[in-house]
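Enquirer: Let me begin by handing over the structure; questions about it come next.
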């Protein structure tokens, strides 16, 4: 009974984190992230209701750079749209934190989760707190002189969310999945190594994807596989190792492409390793990996070719998390065998 409760709690928490990540991506893609110019963790749980309160929020927004530089002249109705998207993202974050924290306190005092097992849950709790501050720290970067948030802060904001999800999902499968029974003579060293490498390259690629989103780097060089008839664009050939390139949309898109190739190659090798073992469950994971990889690659290419359509770009982000989840599951099963 207790194990079932923890499983349901972790499952709901994971779903909520994914939903918050996806809505956060949509918020960025629609340029809605700077519409709420204050951080009110408690009193900000309710949106404006009256016409006067909407006018007051709109007046606050007009005092900041984004209105004057990017959205000058937008109507109140247009402002409501971007405001509500950012509001939903913040509200989801608060609800997700509560869904995680309140049951965690209950489980701890009822001794449902033992002291020896608490460390990952405490780390996730700490990261939830950090994430709230990181979200505002990111937004604040676009409320000063520039009407754009720092792409680096955006990337760290996303990565913290993914790490939280990773911890919760790992605890979920640890609580839910049975140990994999494989003959002792089976060599699992190679698939274990490549599952670890795959997790690493997917993390790096998610981080790079956030940099692309933060710099609107998906709106340039909308061709594939070449960038304006060249594998390496002319703008970065002569100064490829210059640290300033990390603020250059051309360089960031190029590195994200390289990351995509790396993810594809590593996951394909992992799939081959899993299929060679000829174990039903690992073979099933291999097929899931094929589907997730195909979806991730195809949505990434379509996102680029069609200048970042919001729905496809959001699906692309979602499948990055799904792909990571399958690899984590794979790694857990191999380690547990």
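Keep in mind that glycine also has a Cβ here, set from the backbone N, Cα and C atoms.
What Swiss-Prot records for 256, 316 is heme binding site. Taken from Swiss-Prot, the feature transmembrane segment covers 6-26, 87-107, 119-139, 154-174, 192-212, 258-278, 285-305, 308-328, and the record attributes it to sequence analysis.
Map the listed features onto the structure and describe their local environment.
Expert: Its Cβ placed at the centre, residue 256 (heme binding site) has 22 other Cβ atoms within 10 Å. Look at residue 256 (heme binding site): DSSP puts it in a helix.
Counting only same-chain residues 6+ beyond the ends of the transmembrane segment (87-107), those with a CB under 8 A from a CB of the stretch are 5-6, 9, 12-13, 16-17, 19-20, 23-24, 27, 33, 36, 41, 44-45, 47, 113, 121, 124-125, 128, 131-132, 135, 168.
Within its own chain, the transmembrane segment (192-212) has Cβ neighbours under 8 Å at 151-152, 154-155, 157-159, 162, 218, 246, 249, 252-253, 255-256, 259-260, 262-263, 266-267, 269-270, 273, 316-317, 320, 323-324, 327-328, 330-331, 334-335, counting only residues six or more beyond its boundaries.
Sequence-distant contacts of the transmembrane segment (308-328) (same chain, six or more residues past either end, CB-CB distance under 8 Å): 18, 21-22, 25-26, 29-30, 162, 165-166, 169-170, 173, 195, 198-199, 202-203, 205-206, 209, 218-219, 263, 267, 270, 285, 288-289, 292-293, 295-296, 299-300, 302.
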Enquirer: Does the transmembrane segment (258-278) come close to the transmembrane segment (154-174), meaning at least 3 CB pairs under 8 Å for residues 6 or more apart?
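Expert: No; fewer than 3 Cβ pairs under 8 Å.
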Enquirer: What number of additional C-beta atoms lies within 10 angstroms of the C-beta atom of residue 316 (heme binding site)?
Expert: 24
